[in-house]
Amino acid sequence: MNTVFNFSSGPAKLPIEVLQQAQQELCNWHGLGTSIMEISHRSDEFRQVAYESEQDLRSLLNIPDNYQVLFCHGGARAQFAAVPMNLLGKSKIADYIHGGYWSYSAAKEAHKYCQPRMIEVMTYINGWRGIKPMVEWVLSPDNVAYVHYCPNETIDGLTIDELPDFGNKIVVADFSSAILARPIDVSKYGVIYASAQKNIGPAGLAIVIIRDDLLINRASTKLPSILNYQLLANNKSMFNTPPTFAWYVSGLVFKWLKVQGGLVEIEKNNRAKAILLYNTIDNSEFYYNNILPVNRSYMNVPFYLANSALDDLFIIEARNAGLYALKGHRVAGGMRAALYNAMPLEGVKTLVQFMHNFACRYG
C-alpha cells in the first residue's frame, strides 16, 4: 500500500501504532474473546480502561487534584451549550473573546442561554491578520459569569499562546485543536474542553477538565442530565453509556504520547513541522499566508496559491501524490494543512517537496 499522509483538520490522523494496536485487539480484546466495543461500560475491564485513561491524561497535562476530568458525548459543539448552562449562576452575562470562526460559533450558541458580550481581539495590519495581546483585551467588569476564548482557531490559522491572567475571573477555553500539543498550566483555567477528533482520538467524544468549585450550585435546574457537569463527575462520566470505543482509543493515544516523551517532546516536533511548512510558504512567491508570525498556528497552517485558478489542480495532484485533505475550509478557501501530533515530520517534508515541484511546473 502506498504511503498516505492525511492533513484533515478533523477527524484527523491517528498514530499508526495506535491504529495497529486497536486493529490487533479488535475482535479479541485482552483475551476475552470479544471486542472492546461489546463489553459493558460498567464492567471491571472497562472501568480499568477508564481509570488508566484519566490517570495518563492527568500525568500528561499535570492536572491538579482539585480538577475533575469528564469524558463526554457530543464533541465541542455540545460544550458550546453546556458551558453557559453549567456556569452562569446568578450572572447572565459572559465575555466571549472573538478570535475567529470557532470562538464566534461558541458565542452564537451561548446566546440561547445568556448574554454573551463579544470582545473583538482580531487585528489587521497592512493585510496581515493577528490577535491583540491579552493586555489590550477590554473585558467586562467583575459581574460576568466567565471569560471564554479559543486558543487555536483551526479555520483562521490563528493561535493565542499567552496564558490568561484575568484576576479572579473564571476562564473557559476551547482547546479542541490545541490540547496535548504542548504543556499548559491547567490551574490558569476554570474549565478546559476539547473535542477528541483532532489531537485526542476518534470523533464522538469530548473531554472536560473543570475545577471542583465550579461544580457546586451553579447549574441551571433545566440543564439536561447528559450535559450536567456535576452529575457526570459524581458518576465518573458513566451516568449513561459513554462512547466506549472512542474512550478506549483515546486512552491508547495518551499512552502513545507518553512513549514519545510527553508534551515537551511533542511540542518540539510540532514546532519543527510547522516551521518547515511556514518557511516554504514565506520563501515562495507562488504561495502565501497572511497571518502575523506571532499568531501563526502550529496545528493548522492555511495557505493560498497566488493564482487561485490552480487551486483545484493542486488538490487533485496532491491527492494523487498521497497528500489528502488539503482543501481549505469552505469559509476561508485556499489550502489548509493540519499538523496535529500524529502527523510525522516525514509527512510535512513530503508536502513541502510536492509544493516545490508544483510551483516549478505551474509558476
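Cβ atoms are placed via backbone N, Cα and C, with glycine included.
Binding of pyridoxal 5'-phosphate is attributed by Swiss-Prot to Ala76, Arg77, Trp102, Thr154, Asp174, Asn240, Thr241, and the same site annotation extends, among Gln24, Gln48, Gln55, Gln197, to Gln197. It is Lys198 that, of the recorded positions Arg42, Arg77, Lys198, has its Cβ surrounded by the most other Cβ atoms within 10 Å. The Cβ of Thr154 (pyridoxal 5'-phosphate binding site) has Ser9, Gly10, Tyr101, Trp102, Ser176, Ser177, Lys198, Ser297, Met299, Asn300, His329, Arg336, Ala338 as same-chain neighbours under 8 Å, each 6 or more residues away in sequence.
The Cβ of Asn240 (pyridoxal 5'-phosphate binding site) has 11 neighbouring Cβ atoms from other residues within 10 Å, across all protein chains displayed.
For the pair Arg42 (L-glutamate binding site) and Gln197 (pyridoxal 5'-phosphate binding site), the Cα-Cα distance reads 24 Å. The binding residues for pyridoxal 5'-phosphate are recorded as Ala76, Arg77, Trp102, Thr154, Asp174, Gln197, Asn240, Thr241; their greatest pairwise CA distance is 31 Å.
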